[in-house]
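Now, the feature entries from TrEMBL:
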type	residues	note
REPEAT	32-73	repeat 'WD'
REPEAT	74-113	repeat 'WD'
REPEAT	114-153	repeat 'WD'
REPEAT	184-209	repeat 'WD'
REPEAT	210-251	repeat 'WD'
REPEAT	252-291	repeat 'WD'
REPEAT	332-364	repeat 'WD'
SIGNAL	1-28	signal peptide
């Protein structure tokens, strides 16, 4: 939050000797500490050339993945940046100042201000030449990326809308009875009112309300080929839903605390919880197949990459686990506060923390899992936001 101490105002290069192995701290390639407040989100461009960070200091920064240098400072928001998304040609940020901004990635110039929300904008998602947003004002909205104007308002939630995901029309079945409903794609939203809703983007109408959770819906992922949504909640469960019919397909219930983040990979669902564990489930049956332990606080971020599951925690550490066996491979120490977001590009792990620092870690030397056979029909669209949390609605449990 604003006022937290940070290493703000300076950027420096730090190299450590490689200390691989279960207890090692990894190799810190760079510590980027230009922000003057905690970093709330980290986004990697589709081409992998840039990173975008959004901060409590009200700014966003663009970084080069080639050398870790800050290449642009994005200034203009009047309050903290809650979330950001980086595309190859533009950057998008949303803020507690109720606005969304579009930025030029080469010059850092603000290209567009999206105004209309009346409270904090929690999340944004750019897909299919549209921008979707969720807000504490109980609405989600669709905007024209080019014009910056609202094209649809999605009203119906009774409390703040936290998370959202989009399924494009070409990812949905073409049955005659569904053609009109899915013509513009479907938007799925999760709220602190305990429900998720499925919206017809073309009409703005609510297609389905997904009821079953007894707590706030904090996170959401979509498996577009099977038109299935997975939602995680403060009620400590994950639920699977058919977004076309609204049917609840299964309930995943073994966590002892709020489900804070979700990751979907290779027909497995990974869930990070306030109970200090990550659990791995079979997406198609709900069977729990593995539990990842070692965290000393809530699990706040997840990223699956090349057979390795990376986690971020409220204990200020990132960890690498073998996704198949659950074995802890490496611990990355150095942050001072909770890790809010992680990304992986090539052989580098990026961690963004509430201490205001972006850290780059060398992940070479981690055991490589054997490649899995390709399954194009099951490949996941990148058009969704994997993880969302709301500290105000669901405070992390103390260690």
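Cβ coordinates come from backbone N, Cα and C, glycine included.
Computed over the repeat 'WD' (32-73), the whole-number mean pLDDT of the model equals 96. Most Cβ pairs under 8 A with the repeat 'WD' (114-153) among the ranges 32-73, 184-209, 252-291 are made by 184-209. DSSP places the residues of the repeat 'WD' (210-251) in helix, strand and coil in these numbers: 3 helix, 23 strand, 16 coil.
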